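K.L.:
To start, I am sharing the structure in question, which I have written as structure tokens.
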């Protein structure tokens, strides 16, 4: 008896291959992708990299989580579609005398066959292509490629557990679905006419309001950190709004068009509008899914490719000199000592210092309201008006900017970095008032770590050490008071400034030796030196990992999208086949029918792409702010990456349309 059910289940899979094969192939690809990422993240292949391994594995782990969540949703969505498409088949089994228990048993066996096949093939292909993906990742790192073959047991275990668990849930879903199905009643319902959808004004308004909120947030957010904090809420709002646009707004608009009698009662408009009403009712969720997946692909590919394209420029901004020294001390004498140690360490390493720049600075974080800046050590999540003000001495500015500026004690020079704007002629720094003698359009010679600031940064140049020490003393007092309010008691000591020294060396291959020599010479704790080359692999690793994950996840989204589009076209083909015959019988010519169907299919098929492109364009300010967290400050890089991504994706979308349309018209003509 079990052999009979097994054979019956296998025959069903073969008979329904038009539906089953795309599902199986996409599942195999998803499992393969999950295995590869798990192998890279948890295996030993990347451990040979000298630096950057931890950051890379963290990024890969994020990719694993995304794939795990998406795989669960996608497999449930496509499986439920397959079960729904086969209701008529289940009804036939019921008419022939099969019980729900027997039908469920057949479906369970089908699911087990699919599960075993996809998991085995998915992991097998993952093992085969794992090495290829490793080579691609190492190439992005510009790291040495090693050859060999290996299997990562933990990746196999994770893949079996995740997808075995998903298929187990699908088995439960199958049993519950069949138990609750009124199969014979559903067969009778198929002979009834489909009800026309009703307008949903409330849902339509909510959908537009949610998208409006997401769009408004994207256009108005100014601070990169705040953009990151509110990004999730805006994305959720736009996703829900997108579903409601396809489910309610589209129906409501079509109903308004139908109620316009002068427009509606024309053969071309009558067929198109009435046809679109029913198409939108049947395909709203699927179209919303396609739209959201398209948006994910455009945003993911556009942003990650921009990250990689802007990597070198970002890296050079972060490290404008080959070696950088940073520490804390309040005296100019200590700064001189660090400079001397830098020169001595270069000499001991067999090279010499070039392009040296140094200064003491006082960085302060607080809120700037009008012309008054007040220190705040704990700004929380409310980042409105939060600024970083870096105070320097005039002698340091004149030295590295090659200027000969002069100042009085109550005067400052002010430079605003990034996109900040300041329209006042004076400024109060924690109660100390200064006139702005000059607003500097450029501020050359700053140390690269300053470019990593994620908030608007102001550079204030004061007259001398006395002025900067006065501000540092006030800052120390304010900081102590804030800590005391939180129950933390500290002893106020001498205020400290940040020391920055950066320099190039004539022989760049001696970087490691210079660092080693400097660490031996500099005995004070808290003084750190870092080199451009030693950080290169870490820096490149993070950016390369994001590109790798971005491309990887985008491929999964695209494959899933193609499957959904394929199922949508097949589903519409079978549903329109009957409608095609009815329109013929009421006297509509084949030419009119084909024109109407073509216009409907085009509008339905390309509406997700149009809305996804709009979502992506509107999200540009949002993504641009978030990219600033990765030091991508050149907007043209992201614009170019986004434009190329949209064009390439649109071409791909057209190809998918051409292929699936052939299947659609073939079904109609059968």
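Please read every residue number as a count from 1 along the shown chain.
Glycine too: its Cβ is placed from the backbone N, Cα and C atoms.
A quick note: this is a predicted structure, and the numbers were derived from the prediction, not measured.
Annotations per TrEMBL:
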type     : residues : note
TRANSMEM : 20-42    : transmembrane segment
TRANSMEM : 62-82    : transmembrane segment
DOMAIN   : 64-181   : domain 'ABC3 transporter permease C-terminal'
TRANSMEM : 103-129  : transmembrane segment
TRANSMEM : 149-173  : transmembrane segment
TRANSMEM : 201-218  : transmembrane segment
TRANSMEM : 230-254  : transmembrane segment
TRANSMEM : 287-311  : transmembrane segment
TRANSMEM : 542-567  : transmembrane segment
TRANSMEM : 601-622  : transmembrane segment
TRANSMEM : 637-659  : transmembrane segment
K.L.:
Using Cβ distances below 8 Å and needing 3 or more such pairs, separated by at least 6 in sequence, tell me whether the transmembrane segment (149-173) contacts the transmembrane segment (62-82).
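P.N.:
Yes, the transmembrane segment (149-173) and the transmembrane segment (62-82) are in contact.
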K.L.:
May I have the DSSP-based helix, strand and coil counts for the residues of the domain 'ABC3 transporter permease C-terminal' (64-181)?
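P.N.:
Each residue of the domain 'ABC3 transporter permease C-terminal' (64-181) counted once, the result is 101 helix, 0 strand, 17 coil.
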K.L.:
Are there at least 3 C-beta pairs under 8 angstroms linking the transmembrane segment (62-82) and the transmembrane segment (230-254), leaving out pairs fewer than 6 apart in sequence?
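P.N.:
No, the transmembrane segment (230-254) and the transmembrane segment (62-82) are not in contact.
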K.L.:
Restricting to the same chain and to residues at least six past its boundaries, which positions have a Cβ under 8 Å from a Cβ of the transmembrane segment (62-82)?
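P.N.:
Contacts of the transmembrane segment (62-82) (Cβ under 8 Å, skipping residues fewer than 6 from its ends): 16, 19-20, 23, 26-27, 30, 33-34, 37-38, 41, 162-163, 166, 169-170, 173, 177, 289, 549, 552-553, 556-557, 560, 563-564, 567, 571.
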K.L.:
Quickly jot the same-chain residues contacting the transmembrane segment (542-567) by Cβ under 8 Å, restricted to those at least six beyond its ends, or write none.
P.N.:
19, 22-23, 26, 29-30, 33, 36-37, 52, 55-56, 59-60, 62-63, 66-67, 70, 74, 77-78, 81, 133, 136-137, 140-141, 286, 289-290, 293-294, 296-297, 300-301, 303-305, 307-308, 311, 314, 605, 630, 652, 656-657, 660, 663
K.L.:
Please work out whether the transmembrane segment (201-218) lies in contact with the transmembrane segment (601-622), by counting C-beta pairs under 8 angstroms that are 6 or more apart in sequence and asking whether there are at least 3.
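P.N.:
The transmembrane segment (601-622) and the transmembrane segment (201-218): touching, yes.
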K.L.:
Give the mean pLDDT for the domain 'ABC3 transporter permease C-terminal' (64-181) on the 0 to 100 scale.
P.N.:
83
K.L.:
Decide whether the stretches the transmembrane segment (287-311) and the transmembrane segment (103-129) have at least 3 CB pairs under 8 angstroms, with pairs required to be 6 or more apart in sequence.
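P.N.:
These two stretches do not touch.
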K.L.:
Could you tell me whether the transmembrane segment (103-129) and the transmembrane segment (601-622) have 3+ CB pairs under 8 A, leaving out pairs under 6 positions apart?
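P.N.:
With fewer than 3 qualifying Cβ pairs, these stretches do not touch.
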